[in-house]
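Pulled the feature table from Swiss-Prot, pasting it below:
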{"type": "BINDING", "residues": "Cys62, Cys65, Cys72, His75", "note": "Zn(2+) 1 binding site"}
{"type": "BINDING", "residues": "Cys102, Cys105, Cys149, Cys152", "note": "Zn(2+) 2 binding site"}
{"type": "BINDING", "residues": "Asp918, Asp920, Asp922", "note": "Mg(2+) binding site"}
Amino acid sequence: MERYEIPKEIGEIMFGLLSPDYIRQMSVAKIVTPDTYDEDGYPIDGGLMDTRLGVIDPGLVCKTCGGRIGECPGHFGHIELAKPVIHIGFAKTIYKILKAVCPHCGRVAISETKRKEILEKMEKLERDGGNKWEVCEEVYKEASKVTICPHCGEIKYDIKFEKPTTYYRIDGNEEKTLTPSDVREILEKIPDEDCILLGLNPEVARPEWMVLTVLPVPPVTVRPSITLETGERSEDDLTHKLVDIIRINNRLEENIEGGAPNLIIEDLWNLLQYHVNTYFDNEAPGIPPAKHRSGRPLKTLAQRLKGKEGRFRYNLAGKRVNFSSRTVISPDPCLSINEVGVPEVVAKELTVPEKVTKYNIERIRQLLRNGSEKHPGVNYVIRKMIGRDGTEQEYKVKITESNKDFWAENIREGDIVERHLMDGDIVLYNRQPSLHRMSIMAHRVRVLPYRTFRHNLCVCVDGDTTVLLDGKLIKIKDLEDKWKDVKVLTSDDLNPKLTSLSKYWKLNADEYGKKIYKIKTELGREIIATEDHPFYTTNGRKRCGELKVGDEVIIYPNDFPMFEDDNRVIVDEEKIKKVINNIGGTYKNKIINELKDRKLIPLTYNDQKASILARIVGHVMGDGSLIINNKNSRVVFRGDIEDLKTIKEDLKELGYDGEEIKLHEGETEITDYNGKKRIIKGKGYSFEVRKKSLCILLKALGCVGGDKTKKMYGIPNWIKTAPKYIKKEFLSAYFGSELTTPKIRNHGTSFKELSFKIAKIEEIFDEDRFIKDIKEMLKEFGIELKVRVEEGNLRKDGYKTKVYVASIYNHKEFFGRIGYTYANKKETLARYAYEYLLTKEKYLKDRNIKKLENNTKFITFDKFIKEKCLKNGFVKEKIVSIEETKVDYVYDITTISETHNFIANGFLTGNCPPYNADFDGDEMNLHVPQSEEARAEAEALMLVEKHILSPRFGGPIIGAIHDFISGAYLLTSNYFTKDEATLILRSGGIKDELWEPDKVENGVPLYSGKKIFSKALPKGLNLRYKAKICRKCDVCKKEECEYDAYVVIKDGELIKGVIDKNGYGAEAGLILHTIVKEFGPEAGRKFLDSATKMAIRAVMLRGFTTGIDDEDLPEEALKEIEKVLDEAEEKVKEIIEKYERGELELLPGLNLEESREAYISNVLREARDKAGAIAERYLGLDNHAVIMAVTGARGNILNLTQMAACLGQQSVRGKRIFRGYRGRVLPHFEKGDLGARSHGFVRSSYKKGLSPTEFFFHAMGGREGLVDQAVRTAQSGYMQRRLINALQDLKTEFDGTVRDSRGIMIQFKYGEDGIDPMLADRGKAVNIDRIIDKVKMKYNQ
């Protein structure tokens, strides 16, 4: 009778600790000797290679299971330790347990009432599927504070932990070392029922098991030895470490038995602890690593598990598979985008299993006759036969020269042959790192000679645009030197959040080659942007060129202050020392080092942290508290939960973590001025930061400690003299906690006064400066503050208070320019209110101009919110005008956040190839599916043509690049002879007959390149758009364009215009996008295959070369450039002379040196731009390099001007280069030389060549970008691995829901709307405009 394995489903996994008894039970041998092999080379009994632990040598048999090498899985042994040792992996856990339990009775030091309450919580969490560990953390926290045991009444002394494994008992001022035996003794006392409170299951994890008395010895198969060429054996690192442990353990045992002095025993015990520590983790902090004699650190247990080379990432997450190949890649334009060229040598090695049937038997016979050496052939034949035991078995036979003919004659139906890879087979093609699904796609094989894999190759705003940072605005052109250090406000589904930037562009608008539009909304809000710059509207993302009057764009209304460059120091080391001395504090150096490590001293206004600290100070002077003394300094923050989370994020930026947010409920009795008493009930949330360094810093920044009602103080001087945006941060945070919420009056169209109160005791009331300072500061924002005085309360300490009641009446100015921070609900209302008041102001102005009837009622605020407001402060405004305009430069930024948007002039706007491979030595992987199911799945889901459109935005991610684009431009802008036209058409796989010539020149019939290209287009395609070569004329002439830049396609025929990147380039290709959307992916693939091959043939016929002479400039151009650069250097000399004489005019907020640098940088930047403009003027459109730039094939005009004219100033961290030798950067310059050339100005061009000093400066500037890129790559890679681990089991079910592997619902509809982004139209489910255009073109409108 046959036996079948019963499949089992894993219900749960329980992790535990190995008990000493269990270690002994699973052990097959007690290991007692450090020796491994005897003189004859056989394993020693009781040694680390004992054959009871398994065998690794051929010929030996395992004494435990009788298996040989490959059969025996290996067995554990054990070492009896002479003294207990701490398991380093549990050192911190042991410390937490020791602090939580009573050393006398072993009970957890919490009362019975609290114990019952916690057990009930745990039962509830277990029942509801919650996280019990948070409750356990609460137990540890509560119990560690107790000093008298509530169970036995004994004193519970404190425990000190010193890494890696040392514990001390604190008894008064004395410290007594706890040995591992002492620790184990305490842990043994803990009853089972208390283990549950500590998060341990006593059945599988008793706490004393964390202190080792028996050490398991892993099987020999886990740590095999190797035989070197010399014949000597080399042991595994784990064996080396175990030898050290046994040797020291034996010595310790002998000394204990021999009655050696305690000092020697302690030394040997510590040494045993060290060897056990490094056996578990040889990279633990505070322990010198164990090393080989060669100096190489040993690779022990922890190192085998963690990191890139560890078990998890290397062996589990990263698989090594059969039927795969890897080699260098190279391009082949003759292949289809669905094809991959495979070297013949690879095709002969990789095989595809194919079953023999009556339909393919003759073909397989021929393959068998070819054998395994000739392609296409067969490597193996598999035949099922009845074995001697009567069961069906598979026999695999290798095909050789001697047996190939035999098998060709005797092959039969039902056999399986493993044949060579052949043309048309489906394979998977992958490039690492595999960051998105297009990193591995299915291709069809084309077997080719040679040894490489081959495959087909196949946005901005005006400089004065303001970008919203965290509560301040900055012009985008001013970000050029600061973009790496700032964070911009971005929107994640209309949830504002801050993000850093990954890129910044400044481009010459003419070189960028896009139309530029000025957009104006109904409230007069304006922005200038290029036609491709994306805007967020109520109908999804639209490019600027697609916007129409009446479209509603998304706005974040504000009138926040502008960023001002100010390098003044706010607080430094001396100021911190003074504060520490004033309070009689200790640990001065420790506090200063903490602040330096967090880069909080010295602190300047320009530092991002200055804005955060202004907010923190504002909150602490409002609802917060600062308690500062030698023993228990802390800062308390109060507010709603969401607002406290925002404060926590800010604190994290400063390097501090707050404690848990707690709910406080209670009531208090208040006595008013007349003696009348009232009971006030309330609740609120708060959290604390118990870090003395933060408390000292806030004190140095002017925060008031203790009871603010009894103290006289004003706004800190650093805030009063700060740039306006810092003042705004302070005020908005203070008002976030103190000012009333915006409320509308009963008639619904005007707001109630905004007010706040400040109470002071009578004795200091008239002398307090705080309210006066606020009044003065608000005047700078155009806001008037009215103050009145009211009687206060009678305090419990006997003091009477008076109250300032301050009211704000300039609502529009307050909402627009200041608003609320750390008060999200108030801030959202403030944004809506600001937009509402602007709308009302416009309405009143229009009414006066147009003399509307006075009885026309203005919309109420509530109705305005419903009609105009979105969420979190975002609103919508209608576009009232769109005009073409011109600017010199355009700019763009890219956010690190996946949101890829930012707020420009109040508008919510977006940031301006699948394998991402180049051919400079990149390698790729190829995998051969081994079953029909796998091949069908790859063909249906993974074929390249199915991935032309990006799953990110629905546009084409695959498209033409480089020569394909240049070729398409040459093809569609020229005429060709009959032979040439025929050759181009045949290259594209088009077999149509030639039409009548389009024109005759000198008796030679010529055929239009436009008509040739049209043969690749599907019938029924109708499209109009502007090519990339468009000159951005003031008035578009459309079909009459003299530059042939307006493309018109009717019924699949190119009537007007040339084809460039905008036609079929990657991401931008409108033709390709339209074909895939309207005719399907296969039509898109056919078009791309045909059009690219014809383009390449056109390049070959016409000739298209670029070289160093393309950057040649005439002598007059070079003289003009030299003159500009000479004048710039003279200006720099004048600036330096003025600086040295002390006559240089200071720039606002800058000292003398900073002003000098700002003037010099400005002069040199202008010089580079002027030199570029001269070069551009002399490079014409007949230049091949220029053609590549304007068609979008490669690079841009800016690259060409740098090659031909001048590189300009090289910078490090946004400034001229100053780091180098003392007094000078390089020894080639005089000490103290401040000139342009001595600090990184490169006046040469790439064409001319750089001098040695210029080359060095250029390398310094380039290195910064390389380091920055490397750091960001590592961070994004780590983030992606974590996301993959978290989300790997999510899938979309057939009912449209998203669920995890347990069937738990994550989303009711994929993406909440059920739309596949790949099938959307650049973010929109349906493109209405495209449908209208199609109808118009169909009926010739």
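First residue shown is number 1, and so on along the chain.
Cβ coordinates are placed from backbone N, Cα and C, and glycine is handled just like the others.
Note that this is a predicted model, so its numbers are computed, not measured.
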Looking at the binding-site residues Cys62, Cys65, Cys72, His75, Asp922, whose Cα is closest in space to that of Cys149 (Zn(2+) 2 binding site)?
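Closest candidate to Cys149 (Zn(2+) 2 binding site), judged by Cα separation, is His75.
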Among all the protein chains here, how many other CB atoms are within 10 A of the CB of His75 (Zn(2+) 1 binding site)?
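Other Cβ atoms found within 10 Å: 23.
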Could you name the residues, excluding Cys62, Cys65, Cys72, His75, of the same chain that surround the Zn(2+) 1 site, i.e. Cβ within 8 Å of the Cβ centre of those residues, in sequence order?
Arg52, Leu53, Gly54, Val55, Lys63, Thr64, Gly66, Gly67, Pro73, Gly74
Select the most exposed residue of Cys102, Cys152, where exposure means the fewest other Cβ atoms within 10 Å, treating these as the binding-site residues.
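Looking at the binding-site residues Cys102, Cys152, the Cβ with the fewest others within 10 Å is that of Cys152.
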Can you check which residues sit near Cys65 (Zn(2+) 1 binding site), meaning Cβ under 8 Å from its Cβ, same chain, 6 or more apart in sequence, and list them in order?
Glu71, Cys72, Pro73, His75
How big is the Cα-to-Cα gap, in Å, between Cys62 (Zn(2+) 1 binding site) and Cys152 (Zn(2+) 2 binding site)?
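Here the two Cα atoms lie 54 Å apart.
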What is the separation, in Å, between the Cα atoms of Cys102 (Zn(2+) 2 binding site) and Asp922 (Mg(2+) binding site)?
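So the alpha carbons of Cys102 (Zn(2+) 2 binding site) and Asp922 (Mg(2+) binding site) sit roughly 63 Å from each other.
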For the C-alpha pair, I'd like the distance in angstrom between Asp922 (Mg(2+) binding site) and Cys105 (Zn(2+) 2 binding site), rounded off.
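Taking the Cα atoms only, Asp922 (Mg(2+) binding site) lies 67 Å from Cys105 (Zn(2+) 2 binding site).
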Taking the recorded Zn(2+) 2 site as Cys102, Cys105, Cys149, Cys152, identify the other residues of that chain whose CB atom sits within 8 Å of the mean position of the site's CB atoms, giving them in sequence order.
Pro103, His104, Gly106, Arg107, Ala109, Pro150, His151, Gly153, Glu154, Lys156
Suppose we draw a 10 Å sphere around the Cβ of Cys105 (Zn(2+) 2 binding site). How many other Cβ atoms does it contain, all chains included?
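A count of 17.
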Work through the binding-site residues one by one (Cys62, Cys72, Cys149) and point out the residue whose CB has the fewest other CB atoms within 10 angstroms.
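Lowest Cβ count within 10 Å among the binding-site residues (Cys62, Cys72, Cys149) is Cys149.
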So for Asp922 (Mg(2+) binding site), how many other CB atoms are inside 10 Å of its CB?
15
